[in-house]
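Peer 1: Take this structure first; my questions come after.
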Amino acid sequence: MLDLGDAEKEGGRTEVEGQEEQEDSRLMVADGLAEKGPKTVTSDPGQQVSNGFTSGPQATREEGDDAGGSVGTGCGPAGGAGSAGGPRTLVVQQTSLERPRETWSKKVDFLLSVIGYAVDLGNVWRFPYICYQNGGGAFLLPYLLMALFGGVPLFYMELALGQFHHSGCISIWKHVCPIFKGIGFAICIIALYIAFYYNTIMAWALYYLLSSFQSTLPWSTCTNSWNTANCNHYMSTDHNVSWSNSSTSPAEEFYVRQVLQVHRSPGLHQLGSISWQLALCLLFIFTIVFFSIWKGVKTSGKVVWVTATFPYLVLLVLLIRGATLPGAWRGVVFYLKPDWEKLLSTTVWIDAAAQIFFSLGPGFGVLLAFASYNPFHNNCYKDALITSSVNCLTSFLSGFVIFTVLGYMAEMRQQDVDAVAKDAGPSLLFIIYAEAIANMPAATFFSIIFFLMIIMLGLDSTFAGLEGVITAMLDEYPHVLVQRREKLVFGLVCVCYLGALSTLTYGGAFVVKLFEEYATGPAVITVVLLEVIAVSWFYGTKRFCNDVQVMLGFYPGIFWRVCWVAICPCFLMFIIISFLAFPPEVRLFSYHYPPWTTVLGYCIGVSSFVCVPAYMIYCLLVAKGTFKQRLLKSITPEPSTNHHRDVLVTSAL
């Protein structure tokens with residue numbers, strides 16, 4: 001619909017670009033293009049229309065999102081019909097019948113959401129124990145290299161893609177390379193797998209949090225009903241207590257025998273009953289998740305003001321407390337002193353790559369979803385550098401927080417730092433760190449804030465992961481789901497809760513480990529490899545860089561182009577081949593996973609990836625014409641109509 005008159009807009013700066021190319025869905029009226037942005041004063045006020053649009057070439061482009069509202073005309077200095085012989089300016093906009101896309105209330109909401117998503121349990125829980133497993137400081141070099149040449153370029157690429165096309169991880173592929181649309185469905189399945197086990201870890205933390213509201217923490221004594229004869233109670237003043245290989249700490253028995261109750265399950269072949277305590281904890285977690293995301297990013301963008309900032313305050317408090325503990329320096333030395341021989345092991349490089357992707361999160365669809373709610377000219381390049389830097393620095397900081405405590409525990413037990421934790425993984429937090437907290441003055445206070453921090457870190461990532469799926473579904477099926485967002489969110493949360501029931505059993509910890517090893521890392525890296533190939537080789541790096549230039553006003557540098565075209569695919573291919581050639585030996589506590597679980601794990605990983613070739617076959621079958629015509633059509637992107645070029649300006653005598 002075209003409306004001639006005064007267009008009511010908040011004010012804007014315009015740009016007459018003189019471009020004659022326009023997309024099929026735009027109306028070409030004359031030789032100009034107007035964009036919405038902050039109002040500015042032009043050198044020729046006689047060419048300014050009443051709504052703040054100008055037709056003069058002096059106007060510059062600023063941030064703006066999809067134009068909406070009515071369209072109008074402006075006149076010369078005299079107003080009304082204009083003075084005789086004066087120029088007349090006609091502003092014409094195509095009015096879309098589609099529902100306007102939701103946007104972030106503030107830029108800081110977006111930044112906090114991305115930081116909250118990137119800075120998660122992967123930094124405070126997963127990074128320290130993977131660093132611990134791979135020899136401490138030796139892990140930092142491959143981690144930084146993988147971040148520089150793999151994680152950050154892909155982080156930047158996804159933010160730019162989502163912001164330019166304003167689409168989720170499924171529908172975006174019709175604008176990039178339609179035959180790769182299966183990547184979007186694979187991402188959604190991976191996100192569901194993560195939701196099945198990731199939130200269970202928060203349920204464990206909630207169990208600890210509720211158990212912390214006691215004057216004496218239950219994992220600080222050996223007099224409880226779940227304790228065994230091997231329980232060895234010691235405090236920082238008990239120097240006469242000897243620690244043997246058969247000894248178990250009260251914190252370990254609380255985690256293993258009371259929270260997880262894994263002693264009631266012989267393994268994956270017999271998981272046992274569901275723990276009703278953990279089931280209630282997980283139900284509470286998903287209730288918070290539902291009411292935080294059911295209304296969209298405007299709601300979740302406010303929640304992250306608390307969940308994304310509170311963990312930093314807690315980390316600072318715990319770092320100061322850990323640095324004052326006796327023996328803390330031993331942990332710091334182990335953390336920073338690298339064992340260069342470890343770099344010859346492919347396991348270290350595989351773990352480094354998996355960690356940076358698990359932490360930064362390219363390939364999960366979240367960055368595409370979050371960026372799609374940004375204004376078109378938002379500086380996503382700066383956002384990518386800021387958020388990825390904050391993420392890596394937080395990982396490094398959390399390493400100090402954890403390793404100072406490991407040094408303290410090694411001093412207590414008179415052992416080496418690498419012998420303190422028998423089982424790496426969540427037990428590093430739920431056993432070693434919990435035990436250290438129990439030995440501190442004001443143990444109840446530190447326990448409450450620590451496990452509250454763990455829950456908030458996990459909630460941020462859950463908000464983001466589910467929002468990625470929700471955005472993808474809404475964009476792919478808008479006519480069916482846009483008006484039913486609340487029902488979609490409720491159904492998705494129910495599916496995630498039901499899918500997580502296997503992780504709430506007595507052998508649920510074994511399921512969590514299986515999902516973590518096979519359902520996320522390898523599958524995500526494979527999806528990211530296909531994604532970067534589709535964008536760089538099929539869509540074209542030049543075309544993608546031109547898109548970035550249209551949005552940001554500058555062309556990506558040679559470093560980014562080389563990473564997207566060559567370095568990232570080579571790194572990812574090496575990691576995938578290494579994983580297939582040297583599959584990890586999976587074990588948890590004293591349970592060694594039998595060979596059939598490896599087959600099961602690969603089936604879980606392939607179940608998401610199979611969407612990619614399946615959709616390729618489907619795409620070729622439903623297309624019309626010869627095989628060559630079908631193939632050409634399936635790799636030809638559709639022009640994107642979701643960006644800012646809605647308003648056209650013409651000057652006529």
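Placed from the backbone N, Cα and C atoms, the Cβ positions cover glycine too.
Values in this document were obtained by computation on a predicted structure and should not be read as measured data.
Not my notes, these are from TrEMBL:
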BINDING   Gly116, Ala118, Val119, Asn123, Ser359, Asn391, Leu457, Asp460, Ser461  Na(+) binding site
COMPBIAS  1-16  compositional bias 'Basic and acidic residues'
COMPBIAS  40-58  compositional bias 'Polar residues'
COMPBIAS  67-85  compositional bias 'Gly residues'
DISULFID  Cys222-Cys231  disulfide bond
REGION    1-87  region 'Disordered'
TRANSMEM  108-127  transmembrane segment
TRANSMEM  139-161  transmembrane segment
TRANSMEM  182-210  transmembrane segment
TRANSMEM  274-294  transmembrane segment
TRANSMEM  303-329  transmembrane segment
TRANSMEM  349-373  transmembrane segment
TRANSMEM  385-410  transmembrane segment
TRANSMEM  430-457  transmembrane segment
TRANSMEM  488-512  transmembrane segment
TRANSMEM  518-538  transmembrane segment
TRANSMEM  558-579  transmembrane segment
TRANSMEM  599-623  transmembrane segment
Peer 1: Which sequence-distant residues neighbour the transmembrane segment (558-579)? Criterion: at least 6 residues beyond either end, Cβ under 8 Å.
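Peer 2: Sequence-remote neighbours of the transmembrane segment (558-579) are 146, 149-150, 153-154, 156-157, 346, 349-350, 353-354, 521-522, 525-526, 528-529, 532-533, 535-537, 541, 544-545.
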Peer 1: Given pairs 6 or more apart, does the transmembrane segment (108-127) have at least three Cβ pairs under 8 Å with the transmembrane segment (599-623)?
Peer 2: no
Peer 1: May I ask which of the binding-site residues Gly116, Ser359, Leu457, Ser461 is closest to Cys231 (disulfide bond) if we compare their C-alpha atoms?
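Peer 2: That would be Leu457, the closest of Gly116, Ser359, Leu457, Ser461 to Cys231 (disulfide bond).
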Peer 1: Compute the mean position of the Cβ atoms of Gly116, Ala118, Val119, Asn123, Ser359, Asn391, Leu457, Asp460, Ser461, which form the recorded Na(+) site, and then list in sequence order the other residues of that chain whose Cβ is within 8 Å of it.
Peer 2: Ile115, Tyr117, Asp120, Leu121, Gly122, Thr394
Peer 1: Under a criterion of Cβ-Cβ distance under 8 Å and sequence separation of at least 6, what residues of the same chain contact Ser461 (Na(+) binding site)?
Peer 2: Gly116, Tyr117, Asp120, Leu121, Gly122, Tyr198
Peer 1: Tell me, please, if the transmembrane segment (518-538) and the transmembrane segment (385-410) are in contact, taking contact as 3+ Cβ pairs under 8 Å between residues separated by 6 or more positions?
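Peer 2: By the criterion, they do not touch.
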Peer 1: What else in the chain is close to the transmembrane segment (274-294), if you only count residues 6 or more beyond its ends and a Cβ gap under 8 Å?
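Peer 2: Contacts with the transmembrane segment (274-294): 199-200, 202-204, 206-207, 210, 259, 261, 300, 303, 455, 458-459, 462-463, 466-467, 470, 485-486, 489-490, 493, 496-497, 500-501, 504-506, 508.
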Peer 1: What whole-number Å value do you get for the CA-CA distance of Val119 (Na(+) binding site) and Cys222 (disulfide bond)?
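Peer 2: Counting only the Cα atoms, the answer is 35 Å.
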Peer 1: Between the Cα atoms of Ser359 (Na(+) binding site) and Cys222 (disulfide bond), find the distance and write it as a whole number of Å.
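Peer 2: One finds 37 Å between the Cα atoms of these residues.
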